[in-house]
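> Before I ask anything, let me first share the structure, which is written out below as structure tokens.
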Amino acid sequence: MRLLLCKNWFASPVISPLLYTRSLYSMANTTSFPIAPQAPPNWSFTPSDISGKTNEIINNSNNFYDSMSKVESPSVSNFVEPFMKFENELGPIINQLTFLQHVSSDKEIRDASVNSSMKLDELNIDLSLRHDIFLQFARVWQDVQSKADSVERETFKYVEKSYKDYIHSGLELDEGNRLKIKEIKKKISVNSINFSKNLGEQKEYITFTKEQLEGVPDSILTQFETIKSDKDSNETLYKVTFKYPDIFPVMKLASSAQTRKQAFLADQNKVPENEAILLDTLKLRDELASLLGYDTYANYNLYDKMAEDSTTVMNFLNDLKDKLIPLGRKELQVLQDMKAEDVKKLNQGADPNYYIWDHRYYDNKYLLENFNVDLEKISEYFPLEATITGMLEIYETLFNLKFIETKDSQNKSVWHDDVKQIAVWNMDDPKSPNFVGWIYFDLHPRDGKYGHAANFGLSSSFMIDDTTRSYPVTALVCNFSKSTKDKPSLLKHNEIVTFFHELGHGIHDLVGQNKESRFNGPGSVPWDFVEAPSQMLEFWTWNKNELINLSSHYKTGEKIPESLINSLIKTKHVNGALFTLRQLHFGLFDMKVHTCKDLQNLSICDTWNQLRQDISLISNGGTLSKGYDSFGHIMSDSYSAGYYGYLWAEVFATDMYHTKFAKDPLNAKNGIQYRDIVLARGGLYDINDNLKEFLGREPSKDAFLKELGLQN
């Protein structure tokens, strides 16, 4: 997942040393590299610092806009260039201040960051709806159109996008409607921040006895906090939080169907306070779209996406659903038969029907029994530090980069002791490396931290003047289990996929070469393409040779046996139709609630559960769960009416991989072409043109359909 912190101002985000564990990012001798020309950001903020800097930004921004509104005869030199400079310089500090709510271990700092986000979002809305500035941009837009051939491309695109974003935001409407729009946007912003805060701050858990957790190995049980039962002081209970490293193993390994059901429903029904926030937001979005002349919020939010409108999106999703359902039914029947056989053998009185909370368990059991895939055993060959070092080596080979971990004695350049800070260098000229930027790895869960996996762009690249570049800063935030006294953190294969994916976003952030920050990084491309670069890189995590090279058993240092890897790779598409149907549930729910014309009578709970049962094909067992209360994507300006983008982008990701890398995954020539054509150009050129140049033809969906088993 990609989270962009700073919205454009003109638009509407102890590892114990063990034998055979390589030191993190020690591939190069750091003394052979020059000192980075740009120091990493300083993270030693206090709540007072955050508040003070926020107020300073607000005052400076209002003063700047006031001065720009008074410019007579606005032109590129006296109006546009000052705006670009202002936007470039402001983005990094805003992103720092608002990022801390997701990662700081200090609740006072998180709260200050949330307050900063609310104030800065309100400022952004105020500024984006200033009619006097819109009129200035309208004058400049008219001027640059008349002499387009003599205007630099980035400048032209900047003015064009600014003007069109103003129109999209309703600046051509009368003052009364503009005020209504401003009020609605501010309410939506507050809702989004509170929804996210509730998720980040939740400390909910469910308790089980060891007997109830039968099937969950001791290696997992040791990571759970234990408490004594209120009913029996001699009984130990295990606290299972809803963080991924806790809840997923229970859903996957607990042999008790009742335990799985309780865990599933508790996880799905966490943060109940978010339901009212979501419902209010849906109504506000519908009202906003209506004011702006759109029939639905989906069509309003799709205006700058590749798909362009909700009809195209719904046709794409429904066509895919119809193709996948027959295959999904075949996959499901096998799993249903497995459960029925279990009930017949083990518990005559148990319910033989297959429910949504059974799926992770029987999916895992099927892999184990039919492919001899023991995911826990496989993880022993992928200790976190050694594996990430190996993954970075792949990125180094593909993109001609070098990753060098750096530290400062006072830890002012990181926000937590767990965080790794890495300088990235371009090695196109190995005798004279060029600095690329900074990337952070924040990989373990903790209280108050963002609970999923995401890349946060903290500062996009831009030119300060004709010869000096401000370098990008980006952060990977994940939640991999920490090491224990007995073993290091071990990565499951799906976690390796996750890291590869998020690092793909990070590389997109780092290699941008345009002059203006607005046109660099993932946030500069259409949001239904933004996942494609990362999805493409996931293919390397299914390559036999790359996985063997990555492996290093945490006790012996041995490479993983080929038999284990061969079995794992065979499972790539096992139950793939059911997995994709689950993604379609998210995408179609997102579109359903954002195209509904009668929200007053919409039961969001019934809609969520009925769609899941109909699309995923798996029974809800008569229960109603509220997974939408933790569906963070739907509260994002970018991902709302946009979750379809994961599948849409996968069409391009699969095409790029099979065309350029399937036969030679470490082809550096193709990797550098990809870096320079698809990534480094950002949003300055049409993404379809970039794809056509890189592929040597128009993009095709054939490889995507083959991957899904829908085409020979």
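Using the three backbone atoms N, Cα and C, a Cβ is placed for every residue, glycine included.
From Swiss-Prot, for reference:
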ACT_SITE  GLU502  active site
BINDING   HIS501, HIS505, HIS508  Zn(2+) binding site
MOD_RES   SER73  phosphoserine
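What's the neighbourhood like for these features in this structure?
DSSP assigns GLU502 (active site) to a helical segment in the three-state reduction.
A sphere of 10 angstroms centred on the C-beta of HIS501 (Zn(2+) binding site) encloses 22 other C-beta atoms.
Sequence-distant contacts of SER73 (phosphoserine), defined by Cβ-Cβ distance under 8 angstroms and a gap of at least six in the same chain, do not exist.
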> Between HIS508 (Zn(2+) binding site) and GLU502 (active site), what is the CA-CA distance rounded to a whole number of Å?
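About 10 Å separates the two Cα atoms.
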